């Protein structure tokens, strides 16, 4: 077949030019080549030169600055143009198929036009980003030429009566229109940028975001193609392979997406609803309205995209039907095309009847559908994230204005507010994600059912009914699932509470050998949790089963009915496979339905909660008062912080604060009093705060403070004293404006430092006030940041403050000094330390006024004195600052310049100490006696070692174990540094590989269920393929039977002996088996998951219980708890579902590829490049996805803790006037979290678009291959349908596979971490003797011999006891003393084998303790630890968890410990409940309970480890007495903290650095001049 431009038939009209050149069809086509050749020649050199010199570009994110007008329109038109050109090429090829020679002119110009179209957009893009608008002239000429040529051709076609029936006529018309539009866009650029025909070109500047190199999220700024395919993410995702993604890498959010921008949008929407009546509407409806107004537009775009995608989705089934129909036509003769202008023309019907054309169209439809779908997802999710940021900011602004009483009265708890932020905002976000589904589902279902009806008639409706009937069942299952999840959550939180107690008290449990009792209790709760998890698993498996079985059931019903209804049933492959695909499409919306409905319900509930929160009372409400107000005290809930002399001009103007920087503390004094304010009195200048006839309340009931008339002098020290609960703290808070003011005025005489607040001359607002609350409030930050609190660091001042608060010794103990994080409400610090930091913060600030609310409550006497002298009297007085001090320590009254005495919410008297002595001598006398008593206490306490030293000891001890771990790490690090480069590349390699080992651990825990799981999955998928294969076999036979029938002249195929019944029965059996196997696999997956969850938790718990103490000292408790909480939760609930999804999608893909390869083996060749592409896409994606997921989680924590921190420190923040700083910090945290979420979304879309495109290629290749195979090798039509149906499935499941693989990888991290803990070596519980060989009452005497004992905490550490020898006779009372770290405690732990005794031995009553089983050894001794530990449960359980003792024994023990009267008064006596950590008893009582506990266990050896350290003198003397009397016949070893406690011991051991220094009777040691013990005693006095 020869080749020529116009074809070379002899009689060819192609070369006939008799009637003019333009009337020749071939010449018209040749003319159309000219513009394209012109463009290609002009632009190529420019592009090459341009690419050679990239330097000319502006330095911004250059490749993304899009600034020519009509930018998106141009891209859109170009895409349409390219599509039409492809159709033109295809039309040319199809119409050329009817002649002998090839007519190049039918498709070559179109091909050139296609190349030119692509070149034009590349050229345009480069010019736009390099900003050389003059070069666009080439395009202008091109569009003009192309438009002219197409118009001439179109005109000639019309002239020669080529009409709309001919496809090429329509295409030519369309192209002329498109070129015309593109010309218009080009002219618009000239008008917009004035680079031609104008003297002045317009100056344009890149947007702010693009000038800022910190903005790396480019989705809003890139061109349409990059937007649709997330092309800009390529470099980002591939870079993740080389270096981990962190906040630096992802940069800042673009301005339009920042929380502040979106908050302002939302606020505007709220404000616009407020207008008419001036008040805010209530209820959730206005929240929805505001959300719709602020974020409705992008949502509509998302819904539009979704509609387009869903409609394009139906192209799949229709094209399959068309292709199979075309192939199965027995007579492939088509009427010859019409010949006009010497050229062939075909109609659109003929064009669309071509199978290859349909295959290409299907490919384009798929590409478009996937692009629209991903765009819809992206827009919805981005909107959801923006909305979350806006709502979180709104919640925060509301918190800043919340009434303190709401918090203190328990109307709102920190937990509730954190839930609003963590849960409810996310519910609304999820609702926005799923919102497009809500609108798209009905459309999808309706269109699907119509198409099915068109294919199958009435039987389709029956199949659809099956699906519809089962949808409510789905919903029912979904609700049951959420209920099961709730109950599981309750049990797991109870289990966590128990686990937490177990881990916190692990030392005690090990020492008393009670770990198994507690372990059992945790296991019991776990069993309950597992029962609830079983329900969860059951419903999950039903849900999975229904997902898989419903389509099978629907298809089965439809085909059975279809065959039975009509004799003439058309069950060709075209119909069967098209309807099969349609059923697959239909099932998706019905499954999503349940989750969408649930999400909607949750969102409604969340909106309700938010509206309640937004309408709660505010402080200094911005509401406008009514002009007519009742006279006298009014209950208006505005809290003025500063009255002012209102001139009447203020009366009419309602004040509305919109500028958030100006604090909304406006008051309406003139309304609540008839006569306005009293005129300011003379002498007011010396006053700092004045309260006049003030009535203040926390709730709406009776006022807490009544008739307050009081003043605080300027620059003086004012003290507020009074009994507990008389309203001292309330008075401070009332002055700060935190209480609701019923009536009266509060005047502050300190102007603000804020410029904007001092604008109005006669408004006096209070400025910043340094305030230290009674309950110290710490930030999650370093110690320095807590003290400087956003102020600049001034070294000398900081030093002075630290010294005044005696914080230096504490700082020295902390691992990183004052740079140590004292996070999460300052947990690692004791009460006193936290209080001193709070006071230090107040001292450090340079404000005129300092309010200290009982700063001495948690301090011992030395510290209080030091703080009073150095801090308050010296530091603050010298700076002439006004100090208001609330205190109970009356001995400081002589320091006060002004005293306010309070009683029962009113002021009893105020004045200087002298004034009060004269005016109220009775009160003065009362104070005097109290002062003396407190001074006496001071003397008593000096004998004792102070509380603080003990606090420091505790801190040091906590730090010691951490330090030990640290030093080990440091040693390791030093050795590693040399290999750093190798390890980095290794770590990178490690990040890219899937944790197969964890997967092995997970699956191997399943035991026998594993083979069942694998077999059932394989069988199920084999059956699925078998069902579809049988359908193909059956339908192909229907066609052959039909052909036979026409051959034999039977009217119906049945008459010629063809019967559907046999095929149908096999089909039914296969379907039923398939449904049964679906059930088996879904149950198998869930049970495997349960089995593994049970195994892993059980193993973890038993390992942790038996682990040596060293593990708990070196691993933070939170880490171990996380294994039991989040990791266990992942294994319980998430891994099984992910595993199921992963295995299903993988097997589906494999079976689909298998089927396609079976149908058309050629496909295997094309599979290789596609597989390689998939491998690299998933490899890069998994790494980036995991990093981003971790980043999203890690940025959420600071955000949530910032909320809880703010709520707890609300009064302090408001007193300091730091609202705006905290808001700023919130915006930073929110933006960090949102940008991580946005990048994660974009990464998911990046993956899905690529996987979908690969899927589309699979469909195209499979279609073309199977069509060719069928046309030339007579492949049965049924198999073609089968291959295409499966190819369509691949594109759906490929990306599920990769997404689940990525999720699985993240979730297997939990298994890996748990497995890490499972590798810990347990303590050696077995002894050389069996438990039965140990005598029953051992040890009876209590004689202890210690021979050459050396002890260390770990094999890697230095010994803490070296070669110690000692002998303790039965019944002796021994005291051990020494400085901190001398090895005293290690000595006591050695008796219990809690430490590694690597040398020497301890013999007790002739038995070497190393030979005993640990359980037996520890159960025979008693110990009282320094920290009293109580567990939640009854008092009986706390004294005797083993339930061995009788009630009498317990009462006796309580009586000895002086607790009997206390317990007697409690409801339930011995069965009274102890709260978690024994919080409902005082420290001293808890210590006495521990003593009673030691007494209940009647062992002959008692060890007291600094047991009196944390208790007051009274309790200590009780303890001493008890030890002397009740334990008279037992051996008692006391580790002394205050030396005077062991003065009457029989023997004293003084230790230093792990060796015994002195060993004798106390008297003997005291008589020696140079004895260390004597020195200790002297120091202690």
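Glycine is treated like the rest: Cβ placed from N, Cα and C.
Non-local neighbours of the transmembrane segment (33-52) in the same chain are 108-109, 112-113, 115-116, 119-120, 122-123, 126-127, 130, 135, 138-139, 141-142, 145-146, 149; each lies 6+ residues outside the stretch with a CB under 8 Å from one of its CB atoms. Taken from TrEMBL, the feature transmembrane segment applies to 33-52 (among others).
For 106-124 (among others), the entry in TrEMBL reads transmembrane segment. Nonlocal intrachain contacts for the transmembrane segment (106-124), taken as residues 6+ away from its ends with a CB within less than 8 angstroms of a stretch CB, comprise 5, 29-30, 32-33, 35-37, 39-40, 43-44, 46-47, 74-75, 78, 81-82, 85-86, 88-89, 91-93, 95-96, 136, 138-139, 142, 146, 175, 343-344.
Non-local neighbours of the transmembrane segment (136-154) in the same chain are 22, 28-29, 31-32, 34-36, 38-39, 42-43, 46, 68, 113, 116, 120, 123-124, 127, 169, 172-173, 175-176, 179-180, 182-183, 186-187, 189-190, 195-196; each lies 6+ residues outside the stretch with a CB under 8 Å from one of its CB atoms. TrEMBL lists 136-154 (among others) with the feature transmembrane segment.
For the transmembrane segment (166-185), the list of distant contacts is 70, 73-74, 77-78, 80-81, 84-85, 87-88, 91-92, 95, 113, 140, 143-144, 146-147, 150-151, 153-154, 157-158, 338, 340, 345-348, 351: same-chain residues at least six beyond its ends, Cβ to Cβ under 8 Å. Positions annotated as transmembrane segment by TrEMBL: 166-185 (among others).
The domain 'ABC transmembrane type-1' annotation in TrEMBL covers 300-602 (among others).
If you look up TrEMBL, you'll see 344-368 (among others) marked as transmembrane segment.
Here TrEMBL flags 430-454 (among others) as transmembrane segment.
Sequence-distant contacts of the transmembrane segment (536-565) (same chain, six or more residues past either end, CB-CB distance under 8 Å): 452, 456-460, 462-464, 466-467, 470, 473-474, 477-478, 480-481, 484-485, 488, 571, 576, 579-580, 583-584, 586-587, 590-591, 1020, 1027, 1031, 1060, 1064, 1067-1068, 1071-1072, 1074-1075, 1078-1079, 1081-1083, 1085-1087, 1089-1090, 1133, 1136-1137, 1140, 1144. Annotation comment: TrEMBL describes 536-565 (among others) as transmembrane segment.
Marked as region 'Disordered' by TrEMBL: 620-645 (among others).
For 625-645, the entry in TrEMBL reads compositional bias 'Polar residues'.
The feature region 'Disordered' is assigned by TrEMBL to 663-684 (among others).
For 689-929 (among others), the entry in TrEMBL reads domain 'ABC transporter'.
Residues or ranges marked as region 'Disordered' by TrEMBL: 962-982 (among others).
Marked as compositional bias 'Acidic residues' by TrEMBL: 970-982.
TrEMBL lists 994-1015 (among others) with the feature transmembrane segment.
Annotation comment: TrEMBL describes 1012-1305 (among others) as domain 'ABC transmembrane type-1'.
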Spell out yes or no: are there three or more C-beta pairs under 8 angstroms between the transmembrane segment (1155-1177) and the transmembrane segment (1278-1298), with each pair 6 or more apart in sequence?
yes
Can you work out which residues elsewhere in the same chain, 6+ from the ends of the transmembrane segment (1278-1298), have a Cβ less than 8 Å from its Cβ atoms?
316, 320, 323-324, 327, 366, 370, 573-574, 576-577, 580-581, 584, 1028-1029, 1031-1036, 1039, 1141-1142, 1145-1146, 1148-1149, 1151-1153, 1155-1156, 1159-1160, 1174, 1177-1178, 1181-1182, 1247-1248, 1251-1252, 1254-1256, 1258-1259, 1262-1263, 1266-1267, 1269-1270
List, by number or range, the same-chain residues at least 6 past the transmembrane segment (344-368) whose CB is under 8 A from its CB atoms?
83, 86, 90-91, 94-96, 98-99, 103, 106, 162, 165-170, 308, 312, 315-316, 319-320, 322-323, 326-327, 334, 337-338, 1252-1253, 1255-1257, 1259-1260, 1263-1264, 1267, 1271, 1291
Per the Cβ filter (under 8 Å) with a sequence gap of at least 6 from its ends, the transmembrane segment (994-1015) is approached by 1081, 1084-1085, 1087-1088, 1091-1092, 1095-1096, 1131, 1135, 1182, 1301, 1304-1305, 1308-1309, 1311-1312, 1315
Report, as numbers and ranges, which residues of the same chain sit near the transmembrane segment (1021-1041): CB under 8 Å and 6 or more residues beyond its ends.
328, 552, 559, 571-573, 575-577, 580, 1053, 1056, 1058, 1060, 1063, 1066-1067, 1070-1071, 1073-1074, 1077, 1147-1148, 1150-1151, 1154-1155, 1276-1279, 1281-1282, 1285-1286
Over the domain 'ABC transporter' (1344-1578), what does the predicted model average in pLDDT?
82
Annotated stretches the domain 'ABC transporter' (689-929) and the domain 'ABC transporter' (1344-1578) touching (3 or more Cβ pairs under 8 Å)
no
